[in-house]
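In what follows, a structure is listed as structure tokens, so that the remarks can point back to it.
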Amino acid sequence: MAASELYTKYARVWIPDVEEVWKSAELTKDYRHGDGVLQLQLEDGKELEYKLDPKTNNLPHLRNPDILVGENDLTALSYLHEPAVLHNLKVRFMDSKLIYTYCGIVLVAINPYETLPIYGTDIINAYSGQNMGDMDPHIFAVAEEAYKQMARDERNQSIIVSGESGAGKTVSAKYAMRYFATVSGSASEANVEEKVLASNPIMESIGNAKTTRNDNSSRFGKYIEIGFDKKYHIIGANMRTYLLEKSRVVFQADEERNYHIFYQLCASGHLPEFKALKLGKADDFHYTKQGRNPVIDGIDDAKEMSTTRNAFTLLGVNESYQLGLFQILASILHLGNVEVKDRDSDSSIIPPNNGHLSVFCELMGVTYQDMSHWLCHKKLKTATETYIKPIPKLQAINARDALAKHIYAKLFNWIVDHVNKALHSSVKQHSFIGVLDIYGFETFEINSFEQFCINYANEKLQQQFNMHVFKLEQEEYMREQIPWTLIDFYDNQPCINLIEAKMGILDLLDEECKMPKGSDDSWAQKLYNTHLKTCALFEKPRMSNKAFIIQHFADKVEYQCDGFLEKNKDTVNEEQIHVLKASKFDLLVELFQDEEKARSPTGAVPATGGRTRLSVKPDKNKGGQASKEHKKTVGLQFRNSLQLLMETLNATTPHYVRCIKPNDYKYGFTFDPKRAVQQLRACGVLETIRISAAGFPSRWTYQEFFSRYRVLMKQKDVLTDRKMTCKNVLEKLVQDQDKYQFGKTKIFFRAGQVAYLEKLRADKLRAACIRIQKTIRCWLARKKYLRMKHAATTIQRYVRGYQARCLAKFLRRTRAAIVIQKYQRMYVQRTCYKRKQAAALVMQCILRAYMARQLYKALLREHKTIIIQKMVRGWLARQWYKRTLKAIVYLQCCIRRMRAKRELKKLKIEARSVEHFKKLNIGMENKIMQLQRRIDDQNKDNRALSERLNSLENSHAAESERLRVELTRLRGAEEDAKNNANKVTSLLEELERLRKDLQNTQKEKKAIEDWAKTYQEEMEKVLLEQNHLLKNEKNDLNRLIQEQGQQWTEKMQRALKEETQQLEYDLNEERSRYQNLLTEHLRLEEKYDDLKEEITFANVPKPGHRRTDSTHSSNESEYTYNSEFAESEEGTRGGEVRAILDMSLFLKLQKRVSELEQEKQSLQNELDRREEQFQRARARDDEEHKKARSAELEYESLKRQELESENKKLKHDLNEMRQSLRGSAEAGSAAPGSPAYTVLLDQLNASNEELEVRKEEVLILRSQLVSQREAMQHKVRNKTSHSYIKYIPDLNEDGELWLVYEGLKETNRLLESQLQAQRRSHENEVEVLRGELQSVKEENNRQQQLLAQNLQLPPEARIEASLQHEITRLTNENLDLMEQLEKQDKTVRKLKKQLKVFAKKINDLEGGQMDVSPGQTTDEPVHPVNIPRREKDFQGISIPFNYLFNLNLNLIPGLPAYVLFMCLRHADYINDDQKVRSLLTSIINSIKKILKKRGDDFETVSFWLSNTCRFLHCLKQYSGDEQFMKHNTSKQNDHCLSNFDLAEYRQVLSDLAIQIYQQLIKCMENILQPMIVSGMLEHETIQGVSGVKPTGLRKRTSSIADEGTYTLDSIIRQLNSFHSIMCQHGTDPELIKQVVKQQFYIIGAVTLNNLLLRKDMCSWSKGMQIRYNVSQLEEWLRDKNLMTCGAKETLEPLIQAAQLLQVKKKTDEDAEAICSMCNSLSTAQIVKVLNLYTPVNAFEERVSVLFIRTIQTRLRDRKESPQLLMDTKVIYPVTFPFNPSSLALETIQIPSSLNVGFLTRV
């Protein structure tokens, strides 16, 4: 097509850019032929004029459509060129965080510099068995493709991993090897895959180092061949190494390190075993401190040293050899510290007693003198003489470094050889997969010999790669029968010839090395003379004569000639080598010996034979040539090894991995376009693109093309033949016939044609969208216009009506206003007149009153004044009198005091004189006494006179009083006489006053009556209100009690539910663990059977030997033994078994047994701990319920107290009212109307009596409540009753409280009944769970010690330990059994003879019954089970059960189980315990044999699962236990077993049923697995919803339903088939539900895992398809009535993933909605889906990086597993609920068509 059709306005192109390499731009003007300038606009809006080259006139590269950006395969891009590849890689790496991308047959891997969770075992399992194009690009996909092609084509494979240092080559190779080790496993028990992986840390430690570009850079190339046997299990490996960088041992640049092993050794120098090495820190040694950065962030060298030593041990290198290796490495470090000093200009010397040299010689076992001498001297040989010449200091230092490099190289080769010997296998190798980890193309500022060799190797690999790509393209065209046209591609054979041909660079270099005086300069001149004019690829720099330039396939590289000869010679002083060979250190001597004489590190001679190789190996050096090996040039050795490598690769099918380093700073997910383009050019990715673009890179099947571009076709163009339809359409759409070709199954397009078709499709869709939008917008506009028109007319109608109503209203209001104004004015005038009149009258009244008051006040004031004057004058006179009297009294007092003082003075004088007189005249005392008696007599006379005087005074006072009374009486009579005159007036006034009082009393009486009536009404209202409030409070109380009861009930239910769920979870965990143990045991048992068969066939190849499968029950240790061996056979076998026993194995197993015992005890302790937790949880729930009930009762008591206080208050108010009424009644008792008071008092008294009665009733109620509460507490707690309420106050007399307490009583009864019911149900559930826990506990106690321990071991170690333990234990048991059998053999032969004699009699007695033969009964004896006997009568059927298992009993569900049980009843009836044991054992073993033979047949497994469960139910139903006899009829109860208790055998059958169930799940999974991805993801159930995107060389599975493709209908039909088979076999409904749940889990998990690993499936349309498919599965569940089985919940993660694909993903609200919606998906899964989301059409939008970060931020606090994929191997634990049968055993009829007429009913 013309350029004008593509370079139109808005077309996007790529233009070169200095910084970003390529920059996107958009045309703002159409391009016309002949234009020299393009008008462009950059993405930042800047306008640009892009000038075209006038010579070539090449237009810029076009951009691919956005729909193609981010594709998994670069060849799927329509425009294949450098900017498209770079942009696609950048989008995938930066936006989608995807590091792998296909480029045709090449896997491009970009180093993320972060740890990604995409290498787990779940990812390996997801890629295992998948086609390379069906999953997203991954290193595992390449490894799986190589593994599948090796198995399918029986051709050896190679994986070539290349790239720059730091690009991730070593890690990619390591993951590829890990994939092979995980998927294939090992063919023996030697764990070869672990040894293969263990070689990685060893090679990394001795061959990897830190560089400026990589912390773990491989400084050598290696090719690892992983060998496989005929079953494609790993049997061994072999490693080849190339071009070790020896110069790193003695020199490191800044910020670089030496090899890791030196730093690991220095970090471990403190260990006791390393004390003799005299190591220090890495900074102490010259060879480890030159980089000045001895530490790598995040790396612990001491820990890495431990890993390295463990790897050596795993590979069989014993401890002594390891210490020897470390001793040599330490000596190299000490050698680097040896100082050489100048003696003179031509000689040097090492000072005597040099410490480091002494340590070196001590460690290497050489003499100090010899080594110090030959480090400073060299020997020159001529034809006749030998000279010893001293060398200068510089040469001595170079010789020292050369020796160190040589020793390290020898040590490196020795380790590689012994790693190969450890990985070598004696088993014949059938095929191999090689992993080549080799350096990529390198170019630095200074390039030397190492870069030359590396680039030479890459030239050879690039040539092989080009030829392989060319070959694949040719095969594809020939397969599709397309005319083959030669594609011109770059052939680098001239460059290879320049390097390796005769007279090439390497040839001239070797020739110059042989010259005596050869130098780098002379070699450079030879190069110039030879190639400068003859080879266009060879150039000479302009400014240098010591360098040359080679034009490689990737770029021009300038090499400096300095050092080429020296590095090519790799010379070492031979005398130094002789000194080392003379060492006393055996390992050092061994390093310099011939490889054929080297010993194994384990001390054993290496095994030979049995292994073949398809690759050509170099010849081993013959004797006598070892001393000349070091004289071979490095270039020659490298060329030979490279030639052998190419021969090996050409003999294999190669797979390519190109590692890209995104930046030089090791930043995570940072993309540098410049560095990426350099590496893409260097690694050949762009060459692959160019080869693909030169042909037909875009390839579509006819069906895919039709589905994608159906929109470009008209109806008449669509034919039944899709090929003809596509041809007709393409001829119309693309005129140039050379742009496409039609193959047999595909259409091939030139580059750019798919983009052109996409443009046509987008234009067609855009035009259709515009037309749809036009029509819809027209329809919407017309609808809007009609709505507006209707609305306008409606508004007009309502507005006009409103206006008319407003006018009428205005008129009415106007008239009304006039009338109102009239009356208003009249009213105002009248009011004004009345107000003035009233004011005048008031003023007159006030004035007259004021004048009267003023007159009255004046008269009153005058009267008061007179009174005041009178009182004042009297008061003044009294005051004057009092003052005068007081003064007189005071004067008298003063005078009397003065006189008394004088008298006192005189008396004192007299007293003093008397005392003196007494002293002088003592005889005067008698006179004084006489005088005293005289005075006493006179006093008596005075008293008598005083008494007489008093009596006279009294008589006088009485006479005076009498006279005064008489005077008073006379005065009163006078007053009475005066008052009689005014008596009539006062009586009249009194009469008038009494009349007024009577009127007032009558008024008061009436007022009191009215008040009493009003008060009575108010009190009645108050009482009614109070009663109403009490009722409301009672209702609120009842409601609150009910709510609290409901809340506590719900809380208890929630707690019970949570506890139950936790117990169920724990139970399921234990059950799952137990069933996993059974599965593991069954697998080990089968493996043991296989090994036993191999041992038997290998050791006892006798024609008469037959062996039966050993069967082991998980709990009973039921192992079978063949009883048909002859005596000689048994003895031979016993001797052979004893011969193969290994005593070391017994010692290991004894230790293992002790460990298993400890594990068993830990499990027992864990189970006891969980039971204690359950008991504590139960006690805690009871305590919480007790507290809740106590709080509830306290609340009720508090409420009653409040009601009582309210009633007391009312009672007090009533009493006050009664007293007031009584007082009023007494006051007016004589007044009329007193009966009203009496009636009111009677009513109040009646109310009071009613309240008293209610009070008594409430008291009775209180006592009943207390007793009821105590009884309830006794029932709930079963403890000593005590009251929750310590004090209950007296209740009030309000009658409404009775209703309150009645409600409380009913509520309490209801709550008590509910709590009792819940407690009973809870206790029942707890008992059931406790029983289940007890059963699980017993099951775990019965487990073998091995099974309990193996869960903690890795899978490989678990298999090995378990198998060894089983073999040893079974061997011991078989030995014991053989000893017993030897003793019993004679007895058995006698019994056989007796049985033959009595067989006929027994048959006659049993009426033709066929008893079990001795051979059958002893066919597989087991350890005896104790079977208790019972005493009942019973009958049954006798049948040879071995014949029964060969019948096809599909006619009646469960018929085999019923027949087998009836046989068991017969054995029970005849009371034969040996027969019962033999019968049950044979049943179990026969079922296992059938399942082993036909375990892949779903119908067979389902049949025996159903019958095993039915047989187990029959054993329970007829066991005689009461718990299993509830649903039995009386007749069925009579049929119970009478003599034996088979409870232990029920457990054995339960284990067998679990094994059958797991076998059923595996069989079902194998059938469903191929259907799920195709039916659920790839097939378009809704046609036309999802379009097909272009794909590349890695073709995806088509989503169009071709013939043979699975669809959703296929899955549903298969589910119907499973369901119908199980129903036909009579499987229990509960068991069917569990099977269906497991089916749906597998469907959901596999679908989601593939969705997470397939970018093309993460689109909006695919989400719709998944939702529809899930809805169909749900509809199937509804049709089968299985919605309650939990299957729908297992699909919840898939449903949420589909919703995530469909929801809007832009704003923060969308992020919040996604976080709340996707609760079943992990954060890693959500982010993965968002990263993988890819628009299928151009109208969809991608998810922005910011939105994904928002999601990650919101989900940061989630606590969940970091695992990305769901575990598809999970099997839910199965249970077998008891399901009794209503079928009567006596009614069972066996169809005659089965030809089992020998069955006899007894």
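Backbone N, Cα and C define each Cβ position, glycine as well.
Mean pLDDT for the domain 'Myosin motor' (69-762) in the predicted structure: 83. Residues or ranges marked as domain 'Myosin motor' by TrEMBL: 69-762.
All protein chains considered, the CB of GLY163 (ATP binding site) has 27 other CB atoms within 10 Å. The feature ATP binding site is assigned by TrEMBL to GLY163, GLU164, SER165, GLY166, ALA167, GLY168, LYS169, THR170.
The annotation region 'Disordered' is assigned in TrEMBL to 599-630 (among others).
What TrEMBL lists as region 'Disordered' is 1100-1133 (among others).
TrEMBL lists 1113-1124 with the feature compositional bias 'Low complexity'.
Residues or ranges marked as region 'Disordered' by TrEMBL: 1161-1193 (among others).
Annotated domain 'Dilute' per TrEMBL: 1481-1757, in sequence order.
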Long-range Cβ environment of GLY166 (ATP binding site), under 8 Å and at least 6 residues apart: ASN111, THR211, ARG213, ASN214, SER217, LYS661, LYS666
Other C-beta atoms that fall within 10 angstroms of the C-beta of THR170 (ATP binding site): 24
Cβ neighbours of LYS169 (ATP binding site) where a neighbour is any other Cβ within 10 Å: 27
Protein Cβ atoms within 10 Å of SER165 (ATP binding site), excluding its own: 20
Remaining residues near the recorded ATP site, that is with C-beta within 8 Å of the centroid of the site residues GLY163, GLU164, SER165, GLY166, ALA167, GLY168, LYS169, THR170: ASN111, ASN214, SER217, SER218, GLY440, CYS659, LYS661
Local Cβ density at ALA167 (ATP binding site) - other Cβ atoms counted within 10 Å: 26
C-beta crowding around GLU164 (ATP binding site), within 10 angstroms: 25
Neighbouring C-beta atoms (10 Å sphere around the C-beta of GLY168 (ATP binding site)): 25
